[in-house]
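According to Swiss-Prot:
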{"type": "BINDING", "residues": "Tyr21, Phe138, Thr179, Arg235", "note": "nicotinate binding site"}
{"type": "MOD_RES", "residues": "His182", "note": "phosphohistidine"}
{"type": "BINDING", "residues": "Ser240, Gly272, Thr293", "note": "5-phospho-alpha-D-ribose 1-diphosphate binding site"}
{"type": "BINDING", "residues": "Cys330, Cys333, Cys350", "note": "Zn(2+) 1 binding site"}
{"type": "BINDING", "residues": "Cys330, Cys348, Cys350", "note": "Zn(2+) 2 binding site"}
Amino acid sequence: MNVFNTASDEDIKKGLASDVYFERTISAIGDKCNDLRVAMEATVSGPLDTWINFTGLDEVLKLLEGLDVDLYAIPEGTILFPRDANGLPVPFIRVEGRYCDFGMYETAILGFICQASGISTKASKVRLAAGDSPFFSFGIRRMHPAISPMIDRSAYIGGADGVSGILGAKLIDQDPVGTMPHALSIMLGDEEAWKLTLENTKNGQKSVLLIDTYMDEKFAAIKIAEMFDKVDYIRLDTPSSRRGNFEALIREVRWELALRGRSDIKIMVSGGLDENTVKKLREAGAEAFGVGTSISSAKPFDFAMDIVEVNGKPETKRGKMSGRKNVLRCTSCHRIEVVPANVQEKTCICGGSMQNLLVKYLSHGKRTSEYPRPKEIRSRSMKELEYFKDIS
């Protein structure tokens, strides 16, 4: 039995983290398993009014690797709407093989991509709001610690410049990012806490001093400017009961620092931020952001997985589109069209070339290529995001 209330890797691999009706269905099929080869596709049921930064595929591949299945998917870090130009559902993943070999993993597959994609998409929206200013993912404390690496990885792919989690940072091959906690000021007092923080800031790290524990933020900022010659950031994590007009407070602090010739000290803000508040605070003068709950607890996308073909024949349930499909995207205008799987490319209505986004990642359970590292996936994501700057 696991110590914490989580499924182990082995539990997931055994299909124990699945809805029981999949297990019962496979048991009921029995000897007919060998004769039932299917193609299943994962599409989004909602929300449909926003684009999605597709994330979580890495874990799907780890789960299905070694099984006799073929898997096609849109690459992680690809950003697109869940419906094509004609209103058809976009298949993000297609798995082909014997149903009894992989059907019990439907729950896990959906869980991997629903939550990770929700987090990375929210991070991408914060990325757009922050502009060129850095923002960091500080939200793992709001979710179960067992999934903290997944949260940090997804936030990083979505656009976070760094993450606070030790395991999450290791997963993305980055150094974890942190400032100083209120606890340090409470235990030692502000001045001693600030000195200790600066003394322990390593070369290459940015020094960040928290200024809202006991003092008025303006006077704390002035005090720091007078006490220290080199400080990279002051951080305002002002609680909502004291915050008032946060934009006005930031402008006030910014003014006082500039008046004293300390425009070199930048302002970082945190506490209850999302893409809407980040945009307003950036316009007010904030230059870095710590974003937590809105990213780590982002609403998951409602992916669903459905059989679309049985033994080579198009078959599916009511409300779904039967048959294996490809997803074509125009290299010029980014128009998306869902087409039958035998169509690999076509000319777009704009005259550009439409190419298939689906990539074959597993062939009979074996990897077809080396999987990209998180940094490479993030790079793809940031290039994709350029197209969505003016699209809500």
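Quick reminder: no glycine exception, Cβ is built from N, Cα and C everywhere.
Here the features listed in Swiss-Prot are placed on the structure.
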residue: Tyr21; record: nicotinate binding site; contacts (Cβ under 8 Å, 6+ apart): none
residue: Phe138; record: nicotinate binding site; contacts (Cβ under 8 Å, 6+ apart): Ser164, Ser270, Gly290, Val291, Gly292
residue: Thr179; record: nicotinate binding site; contacts (Cβ under 8 Å, 6+ apart): Val208, Leu209, Leu210, Tyr233, Arg235, Met268, Gly290
residue: His182; record: phosphohistidine; contacts (Cβ under 8 Å, 6+ apart): Leu210, Thr213, Asp237
residue: Gly272; record: 5-phospho-alpha-D-ribose 1-diphosphate binding site; contacts (Cβ under 8 Å, 6+ apart): Ser240, Thr293, Ser294
residue: Cys330; record: Zn(2+) 1 binding site; contacts (Cβ under 8 Å, 6+ apart): Ile336, Cys348, Cys350, Gly352, Ser353, Met354
residue: Cys333; record: Zn(2+) 1 binding site; contacts (Cβ under 8 Å, 6+ apart): Cys348, Cys350, Gly352
Worksheet entry | Cα-Cα distance, maximum over Tyr21, Phe138, Thr179, Arg235, record's nicotinate binders, Å | 50
Worksheet, complete the sentence: For Arg235 (nicotinate binding site), the number of neighbouring Cβ atoms whose distance to its own Cβ is within 10 Å equals 21
Worksheet item: What is the total of other Cβ atoms whose distance to the Cβ of Thr293 (5-phospho-alpha-D-ribose 1-diphosphate binding site) is within 10 Å?
Response: 16
Response to the item:
Same-chain neighbours of the Zn(2+) 1 site, Cβ within 8 Å of the mean position of the Cβ atoms of Cys330, Cys333, Cys350 and not counting those residues, run in sequence order as Thr331, Ser332, His334, Arg335, Cys348, Ile349, Gly351, Gly352, Met354
Item to complete: Would you mind pulling the DSSP three-state label for Ser240 (5-phospho-alpha-D-ribose 1-diphosphate binding site)?
Response: helix
Practice prompt. Please work out the number of neighbouring Cβ atoms within 10 Å of the Cβ of Cys348 (Zn(2+) 2 binding site), leaving out its own Cβ.
Written response: 19
Item to complete: Count the other Cβ atoms sitting within 10 Å of the Cβ of Ser240 (5-phospho-alpha-D-ribose 1-diphosphate binding site), across every protein chain shown.
Response: 9
Practice prompt. Enter the number of other CB atoms within 10 angstroms of the CB of Cys350 (Zn(2+) 1 binding site).
Written response: 12
